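Enquirer: Mind having a look at this structure? Questions to follow.
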Amino acid sequence: MRHLLDTDTLSREDAILILDTAAQMAATQEREMRKLPTLRGRTVVNLFFEDSTRTRISFEAAAKRLSADVINFSAKGSSLSKGESLKDTALTLQAMGADAVVVRHWASGAAHRLATSGWMHGHVLNAGDGTHQHPTQALLDAFTMRRHLVSEPTGKALEGLTFAIVGDILHSRVAGSNIPLLKTLGANVVVVAPPTLLPYGMTEREDIAIHYTLDDALDAHELDGIMMLRVQRERMTGGGSGFFPSPEEYTRLFGLDGDRMRRMPDHAIVLHPGPMNRGLEISAEAADSPRSVIVEQVSNGVAVRMASLYLLLAGEEAAE
Amino acid sequence: MTDTATAYVIENVSLYGDTRADLVLKDGVIASLSAADAPEGAVTLRGEGLIALPGLVDLHTHLREPGREDAETIETGSRTAARGGFTAVHAMANTTPTADTAGVVEQVWSRGREVGLVDVFPVGAVTVGLGGTQLSEMAAMANSRAQVRVFSDDGKCVHDPLLMRRALEYVKTFGGVVAQHAQDPRLTEGSQMNEGLVSSELGLAGWPSVAEESIIARDVLLAGHVGSRVHICHLSTAGSVEIIRWAKAKGIDVTAEVMPHHLLLTDESVRGYDARFKVNPPLRTQKDVDAVREGLADGTIDIVATDHAPHPDEDKDCEWGAAAMGMIGLETALAIVQKTMVDPGTLSWRDVARVMSEAPARIGRDGGHGRPLEAGEPANVTLVDPGAAWTVEPAATASRSNNSPFGGIELPGRAVATFLRGVPTHLDQALEGVRA
């Protein structure tokens, strides 16, 4: 692997390798001395064109625990707002000798552009591009699912398990990465959303089950896990451009509360990429229940990002 | 510039690809179809293997001057047009300042005259500042020296249905036409590419076909209702072809244009997020490409126009979402029509003369262009070598910008000479060898 840009082009072997490596990384994090010397002397730049404190500190923690030097570069402007262009930023990072760039950008395809434009030679990790993908989020979700639902998980995928993804599929890069990765790993994918928040053409896909209410999905499937997506409040505002009429109606049709949670099999887990809107897409009872693995997702995120950085940077040395 | 007094004789050339003749160009007109009538001292070119067409006319060009001379000027735009075989271009109104007054259109027109490589016909804005709220002084532009007949807010849709109705009615005063950029603004807010399976995969906001088709449907109905003619810019979808076909069957006075890039490329090109493929209306699907080719072949679509839209590197060498929309196309248009329509056998060269010269000149009311290749007619002539294959090198263009999506593509032929009123505005180096 040279870059980690999306989960469409991630092979099953590489995905499982990342999950297995993440498991080893997670084991090291239970020791008293958590820091590994693996990436000493390498420079990882966190290039964030969009605010995301959670993702940035997760990548920062991952890089630091591998002893890499970390530079945080917050470029809040864009070439649209006459800030520095992506190209000039890339040229700057190249000149500074960045070995890997973790990029979060408001434009779909920005990570792809950075990796393929020839502006810089470092490895590119996509930490979320527009409404396209967020591959390490999907990998940490898969890691969490595998840990809870697959016995002796090393080397295994998610064969035959069924997961529902609920909410704003249209704008969610989390869904954008999770759906292909779950399919690659052999899982069944159930999508639950109002028709206004489904991407064009998704209803014609035969490899995905689609439901327009959460109750229908719970009736139709024995779920092993359910992933509630964050609802952006700005999606429901604006004359005529709201994707659904009101928060209350959304919660009635798509919110996960205690009653709906109990209709899932006992072993089923509840995931959320955070930050949560408690009371909107998920109730406090569901979020704080023993089935919820939401806090664990955060710590697994560090392990998966350690694994990704390690495989891109140290894997390169092994190959050379 | 060559002396206007020089006469040219093109010996044994194929007129329209079907009739052998000589062309004697003298004093701005086609003096004769026989070399025997050539005056002494005339420059002779051998026409074997070449096809003569009436000079090409582009109804949809962005020359960027005034305002964005970093992207293109009337001079560089005229040069790239001449090199592409064009003798006339219609310069769109979305400049800075907007071409919405007699002063601006006269400035563009006279600068085109000064450069002298093509006839530059300014398009006037339908509404003041392309704002979509108040009609511009169209009669003043029509009666100016620029004699504007085509009016368009291109880049923006004349969205207000009542304003569109008024514009359609008003231009009847001077035989004008409204050229509509058909794009429902609400249905395309924030749109980045064609709405389809590819946009879903790439996470780019979609520009649905219906946003074009709904405006075209409304405007053909309006044109029929008020008895005006309407022209549809850059038609790009299969549904739009059906609507135009229906409207023509009803006798509505509608004409439509298609772009070379919509004849050749699809939204699959967007997968690499390379902004050279970002254009408005966006590249559509193969089904749409097939439909616009069919529409052009059966006459539903009247003309091919380029939508030549130069942008400097910094507006393309960036992330997709920040990139400008548009592609240059004057030098590649004819060759793409050959590749997609002539070589497969769906259009003859006589048809090419119709869709790239005669019909656009008729729609634009361009006197002296799109005329028959006959004695006494203006000597606006393009010579095509249909066997001169070439590979597109965007940096080699005469345009000031090089944002071509066709870099690296091999095209089958090209314009090797262009004459504007008998004066060569483009003579391919390859032609030097056939100079007798």
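In case you wondered, yes, glycine gets a Cβ from its N, Cα and C as well.
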Enquirer: Among A:R31, A:R104, A:R252, which residue shares the carbamoyl phosphate site with A:R54, A:T55, A:H134, A:Q137, A:G274, A:P275 according to TrEMBL?
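Expert: Looking at A:R31, A:R104, A:R252, the one TrEMBL places in the carbamoyl phosphate site next to A:R54, A:T55, A:H134, A:Q137, A:G274, A:P275 is A:R104.
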Enquirer: Can you list, in sequence order, the residues of the same chain other than A:R54, A:T55, A:R104, A:H134, A:Q137, A:G274, A:P275 whose CB lies within 8 Å of the CB centroid of the carbamoyl phosphate site?
Expert: A:S52, A:S58, A:A127, A:G128, A:V174, A:P273
Enquirer: Measure from each Cβ of the binding-site residues A:R104, A:R173, A:R230, A:P275 to the Cβ atoms of chain B, and list in sequence order the residues where some distance is under 8 Å, or 'none'.
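Expert: From A:R104, A:R173, A:R230, A:P275, the ones near chain B are A:R173.
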Enquirer: Under 8 Å between C-beta atoms and at least six apart in sequence, can you list the same-chain neighbours of A:P275 (carbamoyl phosphate binding site), or say none if there are none?
Expert: A:R54, A:R230
Enquirer: Where does A:R230 (L-aspartate binding site) sit in the DSSP three-state scheme?
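Expert: Reduced to three states, the DSSP call for A:R230 (L-aspartate binding site) is coil.
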Enquirer: In whole Å, note down how far the CA of A:R173 (L-aspartate binding site) lies from the CA of A:R104 (carbamoyl phosphate binding site).
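Expert: Computed Cα spacing between A:R104 (carbamoyl phosphate binding site) and A:R173 (L-aspartate binding site) is 11 Å.
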Enquirer: Rounded to an integer, what is the Cα-Cα distance in Å between A:T55 (carbamoyl phosphate binding site) and A:R173 (L-aspartate binding site)?
Expert: 13
Enquirer: Tally of helix, strand and coil residues over the domain 'Aspartate/ornithine carbamoyltransferase carbamoyl-P binding' (A:2-146) according to DSSP?
Expert: 60 helix, 27 strand, 58 coil
Enquirer: Suppose you look only at the domain 'Aspartate/ornithine carbamoyltransferase Asp/Orn-binding' (A:159-311); what would the mean pLDDT be?
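Expert: Averaged over the domain 'Aspartate/ornithine carbamoyltransferase Asp/Orn-binding' (A:159-311), per-residue pLDDT gives 94.
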